[in-house]
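These notes concern the structure reproduced below.
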DNA sequence: GCTTCATGTTATAAAACATAACATGAAGCC
DNA sequence: GGCTTCATGTTATGTTTTATAACATGAAGC
């Protein structure tokens, strides 16, 4: 189940569709972009292309506006959210069982051939590659 | 987890996007429609709108073509598939545990109030509503 | 009363799409 | 070889959608 995020981040929707899905006007959607709240892709012909994740974000923005936030406030929310996740990325935690298994597996391969792995400690600090 | 099929059948993609996702030309996509293999929705302005399910179907069609089927053959495959599922719909089977629970629950409600349900047999034959 | 913010409205140009007609290469048949 | 059919390419023409930019406006805050 790794392709789900990929699907959600595929930029395939034209602004007209996004208008219907969010009940926002084109003016609003473009304005939020000018305010650095969303970052749609562009097609070859310069059309904006949105992902499902973008649509969700626009719905979030609507909620924040209903709560009385202004553009700067919403931007701050997202900036902070991003800073947090950046931090998490720089820590050695957040390794799933699967990651650990893969790392161990790779190290065994590098250590020589396809021998049956025996118990062993990793030599380098565990860290996700970029 | 009921909204997944809904999402997959949301008609939101313009033909240009579908072209990229399937590596088919607009000519091909429209031709397959003329041959009753796909049935995209239309926007207010008469633009074709495709769902993710449509995209999957187009990829299937590509595979069938690679296998040497022609339009009539592919149509036959889909017609038959549909007849089969029509049949299944008319049988009393295919009720999931969840369905049974819902039916029982509704009958308890109808039977009066929010009393703690006791063991009981359904009076009518189990059958999914349309 | 003056600003600012979020949005509406209008004008203009370009891109995308719809439909329809004609063109074509491959395959099958006589 | 000629003829037909099938799946697709190509071209022409008109409509819809989108982009950008400028000006307009109502509400809120000072």
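Residue 1 is the first one shown; counting continues down the chain.
Backbone N, Cα and C atoms are what each Cβ position is placed from, and that goes for glycine too.
Note that TrEMBL annotation is computational and uncurated.
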TrEMBL annotation (region 'Disordered') - matching range among A:91-110, A:111-130: A:111-130
The domain 'HTH merR-type' (A:12-80): DSSP-derived helix, strand, coil residue counts: 42 helix, 6 strand, 21 coil
